[in-house]
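Peer 1: Sharing a structure here in structure tokens format.
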Amino acid sequence: MLLETNERTVADEARALQARYGNLEPADIIELAIDHLFNEEIAVVSSFGAESSVLLHLIAQVDRATPVLFLETGKHFPATLRYRDELVGELGMTDVHDIHPLQQTLKDEDPYGAMSMTNKDRCCYIRKVEPMARAVAPYRAWMTGRKQFQASTRNALPVFESVGERIRINPLAQWTSADLQNYMVANHLPPHPLVAEGYRSIGCMPCTQPVKEGEDARSGRWAGSDKTECGIHLTGLTDQLSNISLTDSSL
Ligand code: SF4
């Protein structure tokens with residue numbers, strides 16, 4: 001009952017933050033979140049994908065010690081891992097965490113590492129949703145690089161939203177693809193090497209393919225299936241986190 005009350009309070013807080021600050025520029029939102037709203041209780045989740053450099057660069061201008069959480073599913077393109085190391089070094093981020101799936105769960109449920117071919121939802125759950133809940137549990141808030149333009153399912157994405165007892169912040173929600181490109185060029189940010197090969201949203205290797213001009217950037221993810229999100233931004237994460245109060249980050 002107390003948890004439900006806390007969640008309602010946090011949902012009200014997210015709505016109030018959205019009404020007051022939802023139209024600020026990304027740099028101002030990030031500074032506000034890190035320096036004033038959630039000081040030392042905030043992290044950023046990054047996929048080190050096609051446009052990840054923008055959010056990380058903006059955060060590095062405020063605090064290079066902001067924790068960066070990377071879901072190391074074990075299924076990434078080698079190019080993504082190299083890009084991650086290069087970008088982290090270039091931006092000087094000092095607190096990067098690889099978040100792994102539970103080894104016992106992998107042994108029990110996916111001993112051959114082929115679950116992405118037979119049950120993508122479960123594969124994403126054990127490799128992304130559960131690890132993500134474990135990773136963000138110690139924080140009061142986390143930032144993501146999600147944008148409204150990326151897919152029709154993200155058209156109404158707010159900057160501030162609640163996830164159980166915690167706040168999720170999408171500082172770039174209202175930026176367009178052109179805004180991101182301009183920012184990358186102006187700040188000499190290195191592109192993910194696979195962008196040149198037509199990949200515009202980059203996740204795990206078995207579930208990512210290039211997209212054609214004019215298609216949703218995310219249409220190359222889980223192409224050929226109904227799946228559009230891995231679940232770390234959906235209710236599965238909320239359900240996981242609903243079992244972890246802010247005073248219990250031991251999951
Ligand atoms: S994106 Fe594909 S490989 Fe990665 S966790 Fe999900 S189903 Fe598995």
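Glycine is no exception: its Cβ is also placed from the backbone N, Cα and C atoms.
Unlike curated entries, TrEMBL annotations are predicted automatically.
Given the structure is predicted, the values throughout are model-derived calculations rather than measurements.
So TrEMBL lists these for the protein:
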- 42-210: domain 'Phosphoadenosine phosphosulphate reductase' (DOMAIN)
- CYS123, CYS124, CYS204, CYS207: [4Fe-4S] cluster binding site (BINDING)
- CYS230: active site, nucleophile (ACT_SITE)
Peer 1: So if I draw a 10 Å sphere around the Cβ of CYS124 ([4Fe-4S] cluster binding site), how many other Cβ atoms end up inside it?
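Peer 2: A 10 Å sphere around the Cβ of CYS124 ([4Fe-4S] cluster binding site) contains 27 other Cβ atoms.
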Peer 1: Sequence gap of 6 or more, Cβ distance under 8 Å: name the residues on the same chain that satisfy this around CYS123 ([4Fe-4S] cluster binding site), in order along the sequence.
Peer 2: ASP110, MET115, SER116
Peer 1: Return one of helix, strand or coil for CYS204 ([4Fe-4S] cluster binding site), based on DSSP.
Peer 2: strand
